[in-house]
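Beneath this line is the structure, given in structure tokens, with notes to follow.
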Amino acid sequence: MGDLRWWLFSIVVFLFCKGCVAQIRYSISEEQKDGAVVGNIAKDLGIDPRILRERGFRIVSSGESLFLVNQNDGVLHVNGKIDREEVCDRSSVCLINLKLVLDNPLEIHYIAVEILDINDHTPDFVEKVKKLEISESALPGARFQLQPAQDADAGTNSVQQYKLSQNEHFRIEVKDRAAQGKIPFIVLQKQLDRESIPKHKLIITASDGGKPPKTGTMEISVDVLDINDNSPVFTKDAYSASLNENAPIGTTVMRVNATDLDNGPNAEVFYAFSNDFNSKFRELFDIDAITGDIIVKGPIDFEDSEVYEIDIQASDKGLVPLTTGKSVLIKIVDINDNAPEIEVTSFSSAVPEDARIGTTVALISVNDLDSGINGKVVCSLPEDLPFKLTPSLQDNVYSLVTKSPLDRENTFQYDITLRAKDEGRPSLTSEKTITVLVSDVNDNSPEFPVSSYTFYVKENNVPGEPVFSVSASDRDTGDNALVTYQICRDCGDNPFVSSLNINPENGKVYALKSFDFENMKTFHFHVLATDAGSPSLTSNATINVFILDENDNAPKILFPVNSNGSAEGVEELPRNVNPGHLVTKVRAYDADVGYNGWLLFSLQEVTDHTLFGLDRYTGQIRTMRSFTETDESEHKLIIIVKDNGNISLSATATVGVKVVEPKEAFAASDNKSVAQGEDENGVTFYLIITLGAVSVLFLVSIIVLVVMQCSKPKDYSSKYLQDAAYDGTLCHSIQYRSGDKRYMLVGPRMSIGSTIVPGSNANTLVIPDRRRRASVEVSTSVRIMNMEQRGHPSWLKTLQWLVLCFVFLFRRGCLGQIRYSISEETEDGAVVGNIAKDLGVDVRTMKERQFRIVSSSSESPFRVNENNGVLHVDGKIDREQVCERSSVCLINLKTVLENPLEIHYVEVEIIDINDHAPAFLESEKRLEITESAQRGARFQLQPAHDPDGGINSVQLYKLSDNDHFRLEVKDRGKDSKIPILVLQKPLDRESSPAYKLVLTAIDGGKPPKSGTVNIIVDVLDVNDNAPLFTEDVYTVTLEENAPIGTTVIQVNASDVDEGLNGEVIYSFGNGVNRKLLELFDLNPVSGEMTVKGHIDFEENDIYEVDIQASDKATSPLTTDKTVTIKIVDINDNTPEIEVTSFSRAIQEDSRPGTTVALISVTDLDSGVNGKVFCSIKDDLPFKLMPSLKHNMYALVTSSLLDREAVSQYDVPLTAIDSGNPPLSSMKTITVMVSDVNDNSPEFSLNPYTFYVAENNVPGEPMFSITASDRDANENAIIRYQICRQCEEESKYTSFLNINAENGEVYALKSFDYETVKTFQFHVLASDDGKPPRESNVTVQVYVLDQNDNTPVILYPVSSNGSYEGTEELARNVNAGHFVTKVRAYDRDVGYNGWLLYSMHEMTDHTLFGLERYTGQIRTLRAFTETDESEHKLVILVKDNGNISLSATATLTIKLVEPKEAFAASDVQGPASTGEENDVTFYLIITLGSVSALFIISIIVLIVMQCSKSPDYGSKYLQDTNYDGTLCHSIQYRSGDKRYMLVGPRMSIGSTIAAGSNANTLMLPDRRRPSGEVRSFLTQPTLSHYVWIGFSM
């Protein structure tokens, strides 16, 4: 019904009010002053000006409006300065649409204001200076697009024409692009030359069509890009230099320099050797590619070459580099730089050691490549060798011969250094070492390392297994040193030899039966060692064998033994014997010796372990205590006796002990007690005197022993101890055997008669072996005396020289040189010549004199017949292989005859034949020549190689017929002829990309031979062609809203150039609008144009895009093309919703129908696509009221609002057009509901309950109370107050206060739990609304207890109030007796009042105990006579609070005697008697121990005095047959400790250290402290020693 009324009202308004909706258009020029009149809207619309203000006449706009309307008269004014270019950009017509609204009733009017343009802007270029880069290869007609000038004005006021400054190379063209304006192009009309003018500066002027016209200019800077059209040019026509041979590597020979007129990389010149540069020259010289310095790279030798002609080329770094060649002549200056060369021919690899003096060893010749005095050489060798050099008649030829006897055993090899020195200045020297081996002769017998061996063999060995081994060495080698062994069975009467056998090869000795130490302890025999020489030599050695004892005998019991032979016996013992009484002694023995025979006794089984004790070492059984009446009368003891072997053996004995009663045991027990006490007192006195005397004697003996040790003569130590400041690290000795010598390692002192071993750093002595008489060392040497030493006169030596001179003068065959010639490829065995005949040598003596060819090389191409002296070819000879490219091929041979020595030199010339054709290194040669190469350019080729020499080498080159190239030949002497290709006609790659030529090389042989190489010339491209598009015009249509990536069109251009010059890339033109770049993208490779941004027909319906195609050359060429794109319109615009809000917030008590906002809907599409329907959701308290104007609505309330339920409404507006398919849009407006004070404050709880600890700090907050109000802003601001007149509990509110803003409650004094435990009060909360609203709440407070009271002691309490008391307690009470109870209480509650009791202080902790929780005190044990009679106890009582409080009570306990306490005082006498007996017993033991130590020290002193003898070796080597392990000890000091290493035996009186496995002794320190050990033992391995230290 409401909607019907609304529609009826609208129809009436539409019929009777024509002015409700209208539209007016005004025009105004830009730049008008602020407030200028545009027009009278009220007059033009026919509206009464008097109602304008009442009806709210206004302009509504989403942004800031450029105009304002006067509500008094309806005149429209300019609101600020208007700039047309800012408002409408570059639109041809600039319209501003205004929307005016009147309320009650609603009217909307649209006003269009046109802004007219004035010429207020000059044309402006984006860049003031435009830089263009144009290649000098660009052809006339090339076009280059420029950025157009920008003029913010429109129409005729925009840019109309362009002008270019006067120049001869460029002109300007203008292309009209409609919306994009006029686009300028500069066109090349004359080709550029960078070398003439590298840069051109132009001025382009843009003029608009205003009156007067305005102009703008831009400077164009054209940089001419270089192309590689100039070759490098050397600064000199010829380069030559001189260089000393042996110039150091890195020496600069000379510097070449070339320049290039091009720019950039095209002008950067680098240098290199030419392609055909000799590989050997590359090893000698190098060139710096940047500087052109030619430097020495390898050794320069004048003898190799006197002059070098090197081809160098300079190239630029262009993509197609251009090259220029130049020859450099280097002359080598000769210096004396060749050291003599020694050539050695060895006659024999080994010389027998019995060779005679004068035996020839080697033939030596010395050669020096230098000439004159620099080639004269003197040869020598060291004087201390048994060799000498004998000069030959020919200069610089020597023979190496022996000059004294040789002995291989002394020196088996001689490294002889031959030294050759020339006479140049400075002189040069060379050395060569030859190795002469001395072969062996059997002249040495086998030698045992010692003449007498000593071995230790354990008894019970396994028969047939080796027990030890002997070895002998022979100084000879080979068979002469091969030693075999045998036992000498006829050397003496030795029955044990039959039970031994020996391995003849390795000397291992086998026992055929087991040894028994108890039957045989030692024996000896002899072993023979024989070598395999011819004749053989023999030696022998004595073998001493000592049998070592094994633990193979069990102990045997001697006592007790009964009649049947078992180890059992019975002993009777009076019951009244004292402790320590000897019951009996078990006796036993063991047939073994040492540890194996050392017996230990132990009790295996005993009836009562407290009665009897067994001495571990003596076997004595003694009583350990007195017998009592309860002890049994019969006891059984089982004693086990075992030895100390590694695997101990044992035996057992059984002893029965019967306890009997003495006859007078009870008669005079009292008298004996008294007498025994007196006797024991006397014995104790005498024992003390004896113990003191023995101790004094023992100390005196120890002091004497120390003095004797320290007062040894110093001559012995100073003789061998070279360092007087030695710190005594090692002391005593280690002895061991090595061969026939015995060694002793000593520390600070050494024994007399020892010899220091060389190389032992004065710590190793050789002790002479006194078991054999002497050792004789025989050395025999034969000395060969010369003539003068033998007594021959000197005239014989003169005669010898005269004979040599005679031979030299009258016999030409002694030394000569012959030359033969032979053609190469001669058959094997062909005759070269008769050397014997030509030299005049007797053929019959040639074989006897060992006529032969000697050569330092491995093989000689010739051989000589010893029978007739004819020289033959030995194998096929290839001149090119032997002499390579030498002009004359000579082979030098050296022939030798002996007895007397003759040396002859033979030269054989190998004559070349034409057996090789010229050959090129490559069958096909490719050259790369740029098409820009100039006429006359030269390109050097690799020459052909012909191994033949002379006329048979390459003589002529020919080139196949062609139009572009000719051939030139350059003669290089040794480097033969070099072919050079010369360009005589320019190349064009597009016409012919490659040329094929044939180069022929011909030699001078008859008939001539030839070789060819195919030359392929690849013409390298230069960028001389611009890309060309395949179509003249590109036009395409494109739908708007095309997806991004949609292909618009693909353009294509081609370039006939090659490589990078022919690769085309695409890009947009320089003048393309920035907006076009946001819409379209262009693939630079494929030329495909794709959509990049949003295409909108409404913005633009056609686009003209400039595209350019460029190649990838360094100086690229470019071609432009325009693509026209026409946009096809589709229905692509959704409706647009515009909202004008009347109020940002509406009160929650507003009436239904209140206007909220004004809404208009527009659609850019036309027709049915622009018809729009608007709607909102039905569940909102709002509705849309349509207006009479199409697509206009008003948003009004439809029901009451409640802010507390919904404070904000998001109203979605939906607009749908009528297109197919329809498009829709949505817009959400937010309507805020403002608050009204309609809610009271609310507390979160009612009532509140709080717990507060007592003793709180006054004035600090205890708790807080909060309330909330559903209203907002000041309606929700709450204030708190305490209601002090609400109830009776108001007496507690006097010491409370509350913070009115946050509700925090404060106490003005502290609470006491013991006084008040709980209370309550009320709090009021009120808001700030108008009128205000309030509410209240009850608050209950509970006070919590704190530990603030200390415990109070109730008992004990003294009369003066202190916590002290006294208790009396009988001394005879039992353990656990209740003494008293401490009582206390605490005013606090809970844990704070829970009390615990503990002992804080007490006299005796073992007497009394305190119950932790009850405070009861009880006795822990019975009292004794030694306990004090008064005890003080301090008891601590504390509570269990977090910080506990405590109190203490003091209790004194006095012990009192009961009536029967003094009845048994007489029983103390026997106890004191027992104590005196114990003292006597310990004094006896101490006296015995000191006496034993005294006796031992006296014995040691006597033994040391008696053991001094001249044989000092025996002092350190106890066992004469010791096998070299380590014996006795090493002592050393480390800090305050001394250590001793011991072997299998220990000295008397030493003490075994715990855990030392019986190998480490602890000795008392008899010397002053010394430092740490400074050296380590490096001789025999200390594998069975343990280091144990003890403190001083």
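Using N, Cα and C of the backbone, Cβ positions are placed for all residues, glycine too.
Caution: TrEMBL annotation is automatic and unverified by curators.
These features come from TrEMBL:
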type: DOMAIN; residues: 57-125; note: domain 'Cadherin'
type: DOMAIN; residues: 126-234; note: domain 'Cadherin'
type: DOMAIN; residues: 235-342; note: domain 'Cadherin'
type: DOMAIN; residues: 343-448; note: domain 'Cadherin'
type: DOMAIN; residues: 449-557; note: domain 'Cadherin'
type: DOMAIN; residues: 572-674; note: domain 'Cadherin'
type: DOMAIN; residues: 821-920; note: domain 'Cadherin'
type: DOMAIN; residues: 921-1029; note: domain 'Cadherin'
type: DOMAIN; residues: 1030-1137; note: domain 'Cadherin'
type: DOMAIN; residues: 1138-1243; note: domain 'Cadherin'
type: DOMAIN; residues: 1244-1353; note: domain 'Cadherin'
type: DOMAIN; residues: 1368-1472; note: domain 'Cadherin'
type: SIGNAL; residues: 1-22; note: signal peptide
type: TRANSMEM; residues: 685-708; note: transmembrane segment
type: TRANSMEM; residues: 794-811; note: transmembrane segment
type: TRANSMEM; residues: 1481-1504; note: transmembrane segment
- request: Please average pLDDT over the domain 'Cadherin' (1368-1472) for the predicted structure.
  value: 83
- prompt: Between the domain 'Cadherin' (57-125) and the domain 'Cadherin' (343-448), are there three or more C-beta pairs closer than 8 Å, counting only pairs 6 or more apart along the chain?
  reply: no
- line: Spatial neighbours of the transmembrane segment (685-708) not adjacent in sequence (6+ beyond its ends, CB under 8 Å) are 1480, 1483-1484, 1486-1487, 1490-1491, 1493-1494, 1497-1498, 1500-1501, 1504-1505, 1566
Query: Do at least three CB pairs under 8 A connect the domain 'Cadherin' (572-674) and the domain 'Cadherin' (449-557), leaving out pairs fewer than 6 apart in sequence?
result: yes
- prompt: Thinking of Cβ pairs under 8 Å, which stretch from 821-920, 921-1029, 1138-1243, 1244-1353 has the most of them with the domain 'Cadherin' (235-342)?
  reply: 921-1029
Query: Using DSSP, what's the helix, strand and coil tally for the domain 'Cadherin' (1368-1472)?
result: 16 helix, 46 strand, 43 coil
Field: Interface check, the domain 'Cadherin' (126-234) with the domain 'Cadherin' (1030-1137), three or more C-beta pairs under 8 A
entry: yes
Statement: Checking 821-920, 921-1029, 1030-1137, 1244-1353 against the domain 'Cadherin' (343-448) for Cβ pairs under 8 Å, the most are found for 821-920
Message: Can you break down the domain 'Cadherin' (572-674) into helix, strand and coil residue counts using DSSP?
response: 10 helix, 46 strand, 47 coil
Statement: DSSP tally for the domain 'Cadherin' (1138-1243), helix/strand/coil in that order, comes to 4 helix, 53 strand, 49 coil
Task: Sort the residues of the domain 'Cadherin' (57-125) into helix, strand and coil with DSSP and give the three counts.
output: 5 helix, 29 strand, 35 coil
